[in-house]
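Right, one structure below, let's go through it.
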Amino acid sequence: MRFKLDGRIIFSKDVEEETQKDIVEVLENRDIFLKGVPEGKENEASKIETYEFDGKDLKLKMTSGTYTRAHEGIVRLKKPIMEKVGRKHQIGIRDVAIDKYIVTLTAEPSKVSELKGLKVPECEVELESEKINIVFENLGDGELKRNIIDRAIKFVKNELDKQDQDLTFEVCKIAPGTIVSDYKAKREITFDTDPTELAEPYGWVKRFPGRGQWFYTAPMAKLFRAFESIIIEECIDKIGFDECLFPKLIPLDVMYKMRYLEGLPEGMYYVCPPKREPEMFQDFVNEMMIKKEIPIEKLKTLLRDPAYVLAPAQCEPFYTFFDHELVDVDHPSKFFDKSGWTYRWEGGGAKGLDRVNEFLRGECVWMGTPEFVEKVRDDTLKYAEKLAEKLDLEYWTEVGDDPFYLEGRKSEARGIEFPDVPKYEMRLWLPHVKEERKGVAVTSANIHGTHFVEGFGIKDYKERKVWTGCTGYGLTRWVIGFLAQYGYNYDDWPELIQKKVGKLPEIPKVITWP
């Protein structure tokens with residue numbers, strides 16, 4: 001994609017020459033646009049092609065690829081400009097205006113032609129042979145905060161790729177991304193720093209050598225356990241789930257039955273058991289001792305083929321428990337597990353404390369009639385929303401576009417019954433993200449219909465319909481969402497959290513850290 005923007009930053013008064021000089025220093029610092037851009041992709045980030053001062057306006061022509069897109073770039077300029085000139089020249093920024101914005105997507109001519117007559121709210125769509133131009137005009141801060149640009153791009157992409165879409169878009173009766181409920185915090189949220197940036201200097205976490213992993217020290221662990229206790233009391237116990245201890249080392253055959261290997265095979269950690277040949281491992285040890293490095297190639301020869309994965313969904317053992325069993329939907333099952341880590345391989349997507357490869361959550365899984373399964377799903381979501389409101393945490397709930405059991409899958413030929421909405425996702429607002437209104441997903445409430453029932457040969461003894469559902473309360477993300485809105489000052493926290501946490505423990509005493 002390419003982005004071309006004509007816009008203005010509108011100041012509170014005419015920009016005088018001395019002020020202009022300071023602003024130009026900011027404009028010429030391209031590092032502003034390179035934060036978060038992968039190495040080698042710098043040309044994809046926002047670039048200021050021209051600028052001009054005109055009274056109160058700073059007129060900008062900007063272009064970009066897919067990293068720090070132009071509409072994000074113009075917003076990103078506000079903070080460093082104000083830091084440079086606000087107090088020094090007694091000037092403020094009144095608004096950001098985008099006069100014209102062209103987003104260009106490319107596709108095969110045959111696919112482009114299928115979009116003829118497509119209407120997209122708040123923009124125009126212009127088609128060329130291999131190009132789709134999405135044209136916006138007269139956008140202000142309000143439209144940017146409503147995220148209409150990203151929604152329009154997503155809408156066009158969905159239309160463009162309909163024949164290649166994940167099964168989710170075929171199944172779901174409400175458009176994924178639709179917000180079904182939200183809550184605005186009653187207090188003024190003044191904390192606006194990325195909690196990851198403070199967690200390390202404060203000594204609450206320390207980076208672990210593995211990608212997407214952290215060592216959580218005593219204060220963070222205390223907060224984790226407080227949230228775990230509150231979620232169990234305020235959500236899980238109120239619905240009557242029974243705690244079980246689920247295995248976390250999952251045989252590949254289980255993942256095959258779940259169809260997980262079809263949808264997201266690249267998102268798991270695969271486990272290779274070692275061969276039980278001590279003399280061969282002695283060679284490995286000897287070589288390591290002599291070379292003072294790990295002989296990876298030799299180690300590969302000592303491992304069997306992949307046989308397991310580390311649990312990527314946490315609910316896998318539930319379906320295995322009922323594999324080819326006869327059940328009675330008059331006596332439905334409701335289990336929950338909080339016994340250990342869940343593992344997802346995010347690759348380059350792992351960042352900060354909110355998107356990690358190793359995380360904690362309370363996983364609820366249930367089975368019964370379709371009506372029972374839908375009611376339990378609704379209850380798990382309802383109590384999560386009530387908890388957020390009790391803690392005055394700003395959130396919204398939307399229709400999910402990636403239910404884990406459908407993610408990446410294109411078709412289903414087994415005659416599976418699916419719910420009208422496979423997934424709802426509840427997000428806590430992240431105030432430190434300025435370019436768009438972004439939230440961290442803290443609760444994922446899913447209904448699977450007969451997907452797993454068919455895959456594991458589960459039947460009701462009277463041949464009645466059996467459905468399953470699962471809700472994950474992401475403990476790691478609840479904590480990060482909470483810290484993003486409240487910060488690290490204990491005195492600013494809600495009374496419920498303070499009582500659960502008690503006295504915060506001290507960080508480890510280390511001379512060279514944090």
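Even glycines carry a Cβ here, placed using N, Cα and C.
Of the residues R225, R464, R477, Swiss-Prot places R477 in the same ATP site as R344, W345, E346, R355, V356.
In Swiss-Prot, the L-serine site is described by R344, R361, G362, E363, and among A307, A313 the residue recorded at this site is A313.
A gap of 9 Å separates the Cα atoms of R477 (ATP binding site) and R361 (L-serine binding site). For A313 (L-serine binding site) paired with C470 (Zn(2+) binding site), the C-alpha to C-alpha distance reads 10 Å.
In this structure the C-alpha atoms belonging to R355 (ATP binding site) and R344 (L-serine binding site) are separated by 10 Å. Taking the mean position of the Cβ atoms of C315, E363, C470 as the Zn(2+) site, the remaining same-chain residues with a Cβ inside 8 Å of that point are A313, Q314, F318, D337, C364, V365, N446, T471, G472. Proximity to G362 (L-serine binding site), defined by a C-alpha to C-alpha distance within 10 angstroms, is shown by none of the binding-site residues W345, E346, V356. Put simply, C470 is the one of the binding-site residues W345, E346, C470 whose Cα lies nearest to the Cα of E363 (L-serine binding site). The secondary structure of R477 (ATP binding site), as reduced to three states from DSSP, is helical.
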